[in-house]
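Here is the structure we will look at, set down as structure tokens.
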Amino acid sequence: MGNCHTVGPNEALVVSGGCCGSDYKQYVFGGWAWAWWCISDTQRISLEIMTLQPRCEDVETAEGVALTVTGVAQVKIMTEKELLAVACEQFLGKNVQDIKNVVLQTLEGHLRSILGTLTVEQIYQDRDQFAKLVREVAAPDVGRMGIEILSFTIKDVYDKVDYLSSLGKTQTAVVQRDADIGVAEAERDAGIREAECKKEMLDVKFMADTKIADSKRAFELQKSAFSEEVNIKTAEAQLAYELQGAREQQKIRQEEIEIEVVQRKKQIAVEAQEILRTDKELIATVRRPAEAEAHRIQQIAEGEKVKQVLLAQAEAEKIRKIGEAEAAVIEAMGKAEAERMKLKAEAYQKYGDAAKMALVLEALPQIAAKIAAPLTKVDEIVVLSGDNSKVTSEVNRLLAELPASVHALTGVDLSKIPLIKKATGVQV
């Protein structure tokens, strides 16, 4: 098993080792690589720009003047596979500071050697050429280390014996002298030239004034001619414009009339269409619904009529059936009552006095209830008699009057019934 290692574009990943003593090396930057456990080794080296500041102090030039020179260099490890392999071979495992020290010492050595071949003026006055020369000389050496010089510039040049300042003062004095001479000659030439220019200016001015006057006179004459011609053309154009305007107005009016006629025809057609639409709308919204409503009402009336007829027929049939049923009931009741009366009569004839006695006994409770009805309102009855035999005689008197009362109420003569006769002791 192993691990997947990733690396950004500012670093290079070096994977070495492998199975069976393999010496294959893989260089990756801005990507990923696979490394086996225990048998593969992974290391990283920076590809970022390194800023160096080489400094050479008191280095004698070709003229023997001691100068101190400082510069700024931008270097980085190259990413070409062969050069990256060279750089990894020499710097892998070292930190950035160690790499910078190696390159810095190389640049300072070349800078010292080049200073010894140039004069102070060449170094001071043409710094770009001096820096270019350093780059060209140092580039092959650092290139063999896998390092690329991106830029190299001279930062400062100075000395401790004021050679540069003296050189500057001398040059400044020469320049100042030449400047004063140049100013005097320029002022002299300027005065002469100014006078000549004034003379030429006056000559030119006089000639110009003459030409201006001639041109002005010719201009006024030409202007008058042009004005007259313009007025004529203007009048003709105005007349032609008015005539053309009148013709155009006539055409416009004619077209307006034609447009009005067409619009009126279209309006008439639209009104006719509107009348047809309104008629159809009235038919659809008023007439058809009214006809439908009338038809619906007619159907409802006919249905109601049929309903009432059927209801009347049903009611008549109902009344007839009820009448027939009631008549049948009355007839059955009459027949039953007649049969009952017939059976009673036969029973009375068959059983004689016993039947009559049963009839009397059946009627007696009703009679007693009618007789006793007034007594229900009496709280108590007090019999006043000084003799016990008097009470007995009163009871016998009431019993003796009972047959007459029954005969009056029912038409039955109890005195003719032997059992009652014996009980009451009535003599016929």
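Backbone N, Cα and C atoms are what each Cβ position is placed from, and that goes for glycine too.
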Record feature S-palmitoyl cysteine (Swiss-Prot), assigned residue among Cys20, Cys56: Cys20
Cys19, Cys38 - the residue Swiss-Prot records as S-palmitoyl cysteine: Cys19
Listed as phosphoserine by Swiss-Prot, one of Ser16, Ser40, Ser405: Ser405
